[in-house]
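Chemist: Found this in Swiss-Prot, in case it helps:
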type	residues	note
ACT_SITE	199	active site, nucleophile
DOMAIN	33-303	domain 'CN hydrolase'
CARBOHYD	20	N-linked glycosylation site
CARBOHYD	61	N-linked glycosylation site
CARBOHYD	99	N-linked glycosylation site
CARBOHYD	116	N-linked glycosylation site
CARBOHYD	124	N-linked glycosylation site
CARBOHYD	176	N-linked glycosylation site
CARBOHYD	333	N-linked glycosylation site
CARBOHYD	348	N-linked glycosylation site
CARBOHYD	375	N-linked glycosylation site
SIGNAL	1-27	signal peptide
């Protein structure tokens, strides 16, 4: 009897292993995976946020997902920090610390939730670590002996912590940065390797762009609490940014998959989540304007099968809705010119505009929508260009070369880069928009399309034309235009965002000797 029992037990065990292996093989061979990104309105109570996370993980809408990504800073705070396992130790908090004697209870609970749902779960939290655990970091430590990090944590389907990333570029946050920047990736059972970073990191070479250039990563998870700026840095936008605006532009320029989860509090300027498939654009995206929400957005994401070329030779040193709060770019530093729009008439502009030695050529055509009615006002447009450092107090800086068309609520540059009142309406329909720029070559840089409509979402790739060609060792020719026959009447921003990071090894920058050291044969003085 006992012999039959053990035989049956071993048979069931073997059958279970075979079914599991078969399922993994099927997931690996599929040409897509199913992802969910969460737009989440946080509260001040950890217990309420945790309950909201669990409700989403267990929801019907999340059933088909392989991976779920939650936003930045929507779970715990400095008053409820937790230790986080080192991924190298392959620790499962749900099994190793079920009573939460070392890790905080919410971390254990989410480990169990990932295990019970059999999904990869990406969260962002406020982490604590003992300073003594990093003896190589000789920087001063807090009096309590702890470092505090803004950290992504990834659980696999069993609840094991398989990856951890600590934010490099803090956005004015009273937290620590790591002694050396981290590059974090994790592999999945569906055959995709993800890289990850957090919010403000997207504007810098390390780690976001570096993972693409030096490791060939094609898929990214991206928790964020983005504070939008006009006109290019809404999540989707050009000179200031809205979350979705920058998300789509970054995914498009790098031709990678991006799973972006955003905090949802439009009153303070937080919103913007989406799933993006490189040059194909948005698979799902949302930009809340009136009120926050707690929702999951799901899409099937096509896999990139071809391996990317990697650069191994780089040596790195260390809405128009008044209820949406948005920051403003420093447009007074731009060279700009107002479009002369006559009511009821057709207009056009063909002009070069320069800021210092950086120039852009604009070709625009528009059709007036008629004379303004007595009880409404209309926004105007300017073309603008800027080359220089993007500076905000107490933040990491980067060097940008931007040019584009953007809206204003009046005739002065001081009236630009602000959310427009609901009563303002578009005065023109653009029938042609084209920008041509020659950008200098650099060791590290990223050029991407930056657009925004009055619903705070960007134009999709099917609505525009983009080309970037290397025309010499020193320069790239970029052309960005509306699709032929397409007309747009709700345009807030249309431009090219040139991010040159630290501007090192850029052609024409520095002495002749420095340019020769960067590999340029004919340096420009």
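Cβ atoms here come from the backbone N, Cα and C positions, even for glycine.
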Chemist: For residue 176 (N-linked glycosylation site), find which of the recorded positions 124, 199, 333, 348 come within 10 Å, Cα to Cα.
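Modeler: Passing the 10 Å Cα cut: none.
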Chemist: Would you mind ranking the glycosylation sites 124, 176 by how many other Cβ atoms sit within 10 Å of each Cβ and giving me the lowest?
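Modeler: Comparing Cβ neighbours within 10 Å for the glycosylation sites 124, 176, 176 has the fewest.
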Chemist: Can you give me the Cα-Cα distance between residue 124 (N-linked glycosylation site) and residue 99 (N-linked glycosylation site) in Å, rounded to a whole number?
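Modeler: Roughly 22 Å, rounded to the nearest whole number.
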Chemist: Determine the Cβ neighbour count for residue 116 (N-linked glycosylation site): the number of other Cβ atoms within 10 Å of its Cβ.
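Modeler: Result for residue 116 (N-linked glycosylation site): 13 other Cβ atoms within 10 Å.
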Chemist: Just the number: how many Å between the Cα atoms of residue 61 (N-linked glycosylation site) and residue 116 (N-linked glycosylation site)?
Modeler: 16
Chemist: Please give me the CB contact count at 10 A for residue 61 (N-linked glycosylation site), counting all chains in the structure.
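Modeler: So the number of other Cβ atoms within 10 Å of residue 61 (N-linked glycosylation site) is 12.
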Chemist: Of these glycosylation sites, 99, 333, which scores lowest on Cβ atoms within 10 Å?
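Modeler: Among the glycosylation sites 99, 333, the sparsest Cβ neighbourhood within 10 Å belongs to 99.
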Chemist: Which residues does residue 348 (N-linked glycosylation site) neighbour through Cβ under 8 Å, counting only same-chain ones at least six apart?
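Modeler: In sequence order, the residues whose Cβ lies under 8 Å from that of residue 348 (N-linked glycosylation site) (at least 6 apart) are 363, 364, 365, 366, 432.
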Chemist: Would you mind pulling the DSSP three-state label for residue 176 (N-linked glycosylation site)?
Modeler: coil
Chemist: Which one is closest to residue 199 (active site, nucleophile) in space, judged by CA to CA distance, out of the glycosylation sites 99, 116, 333?
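Modeler: So, spelling it out, the nearest of the glycosylation sites is 333.
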Chemist: Would you mind checking how many other C-beta atoms are within 10 angstroms of the C-beta on residue 199 (active site, nucleophile)?
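Modeler: Result for residue 199 (active site, nucleophile): 26 other Cβ atoms within 10 Å.
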Chemist: Which whole-number mean pLDDT does the model give the domain 'CN hydrolase' (33-303)?
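Modeler: On average, pLDDT over the domain 'CN hydrolase' (33-303) sits at 93.
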